[in-house]
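The block underneath contains the structure these notes are about, expressed in structure tokens.
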Amino acid sequence: MWFYLIAALLHYVTSTEINYGMTKDEIKTLFHVDNLNNVPDYRLVHIQRRFKRDYSPFKNLRFEAFGKEHVLNLRKTRLASRDVPLFGVVANSSGHLTYERLDHDEDLGDTYQDVENGAALLLHKDEDGSTLYEGTIGHELVLRPLPKRIREKISNDVNSDGLKSHVIFKRKTDQNGPFSDYALMEPGDIPLSPIRRKRSIRSKREAPFVIYPEILVIVDYDGYRLHAGDNVQIKRYFISFWNGVDLRYKLLKGPKVRISIAGIIISRGRDATPYLERNRVGRDAIDSAAALTDMGKYLFRERRLPVYDIAVAITKLDMCRRQFPNESCNRGTAGFAYVGGACVVNKRLEKVNSVAIIEDTGGFSGIIVAAHEVGHLLGAVHDGSPPPTYLGGPGAESCRWEDGYIMSDLRHTEKGFRWSPCSISSFHHFLNGETATCLFNSPHEDESLPRVLPGKLLSLDAQCRRDRGTSACFKDERVCAQLFCFDSGSGYCVAYRPAAEGSSCGDGQTCNNGRCIQEHENIIPDYSQHTVSYLRRTQPLEFNLTSSYFTPTQTPMRQIEGSKRPVASGKTDSSGGEPCEDTSEICRALFAKYSGIYCGTSYFKKTCCMSSRSC
């Protein structure tokens, strides 16, 4: 019965039809549709591959579909590590949410891209060892493997060539309607305190050559059901999805932007996303602005999630927007985010602003919307619009909305998959500002770095006891540049080195690359509260920035002679390398207890040169 209904609804296909009768679940899984009326125009394809080794970072594929020959020159990318965390969340009997780490041994595959042809594919192995491909090609095509049962039937059919194991179809693309798909941050989000204004006078910190927005992907319950509750299928789909988003950002050059997946949260019940359920409008829609606010407040309180830069909830529900309270909710919005919200956490309002909600109905329909909303978070406004006053920068008034680039909603041509010059300038302005620093670390470097930094192993006092046999003089932001330890022989506070990476520098902050910053994000400080660091001294103290010492004001100042004492001798090792030394005594402790973790990391090689040669 299903076959005859499908045959009546589907368009002409250029080769063998799927005449083996897919079940309703197989149809939903393959095309991500709820009923047969929504099955898109498709073709069966035989993919010819031209590469000799499976582990090669380059793949060449060739196939014909919709009257055109497609040739893809794919290059391997690193969107997500193989152990990207996957969590299931569900409400328990008392109404509280419980998170469970979901483990699986199945290989998810590798992501590949062809930037020139706009292809973003995930390649993975079938149980019989054959390679399967899924993802997006160009502006409208989706490539997916046929269901396993159908592939086996085609392979065993003597009347079939047995090679057409994939289907390619034209995807539906969500477009934002005439209603706003972004919100400006509240005045309290960007405090204009004297400290903040003083910092703004300084020259901007230059962004690194590549930035890595780490995305926490939250799949709502409808998305869970859309993928038949299959964890592997869900993970593969959303890795492919964000591979497509990353492809849009590959077009940026200064700085480059590389999307990374911090983790995937799968909602196993409607109550698992209370910020969406609380703002339902009718049966199948949500109030996008209210849901985004509640999402930010929920994530501020939630401490059980992986470290992330941006959190994106993906829903199958329609999104709507109210212009005024108590007004009807107008549909036509496919995404919602804060302009310039990346990395911003407001302690006073208890809300995370680095959040977005996007609509995806399956078949990768929300890829461009996701790129658009992440663009808002990274400081871009709509083409034709001025910048928010709290961000400043070039804005986008010199680029016409009608030109139809990504940051317009009139995406009807190839420009709808590219960034306007105004968007590129806005990204450059935002990413070189102080707010965006949470994006500067490389998640792929973090995979090889230990989770426990040396400053977590030894307190400031413990570091001074190892270096001088005494305690630390300061316990605030100054220790990140120079750790001053009391010298009992001279009565001075002497600095030989900065505090170890990860050391506490007051107010819940830690040292990172010589700066005192929040451990995981750029939390906007609450300037109404000040935590004072006290020194256990009876006399007032004076700190001289031009000398590496610190002394009581009534004590005559005298020069401390001698160079920094080495912790390890600067001898060459047996391999004949250049002389080097350890710059801290914690190197010995790290090597003794954690050599398996630290050996080979850039931090250990730089700080513990001599000890690293024993690795």
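Numbers here mean position along the shown chain, with the first residue as 1.
Glycine residues also receive a Cβ, built from the backbone N, Cα and C atoms like all the rest.
The active site feature in TrEMBL is assigned to GLU373.
Here TrEMBL flags HIS372, HIS376, HIS382 as Zn(2+) binding site. For HIS376 (Zn(2+) binding site), other Cβ atoms within 10 Å of its Cβ number 24.
Look at TrEMBL and you will find 211-443 tagged as domain 'Peptidase M12B'.
The feature region 'Disordered' is assigned by TrEMBL to 556-580.
For 1-15, the entry in TrEMBL reads signal peptide.
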Next on the checklist: On average, what pLDDT score does this prediction assign to the domain 'Peptidase M12B' (211-443)?
Outcome noted: 90
Next on the checklist: Can you tell me the CA-to-CA distance separating HIS382 (Zn(2+) binding site) and GLU373 (active site), as a whole number of Å?
Outcome noted: 10
Next on the checklist: So, three-state DSSP: helix, strand or coil for GLU373 (active site)?
Outcome noted: helix
Checklist entry - Which has the fewest other CB atoms in a 10 Å radius around its CB: HIS372, HIS382, the listed binding-site residues? => result HIS382
Checklist entry - Per DSSP, to which secondary structure element type does HIS382 (Zn(2+) binding site) belong, with helix, strand and coil as the options? => result coil
Checklist outcome for this item: Using a 10 Å radius on the Cβ of GLU373 (active site), the other Cβ atoms enclosed count 27
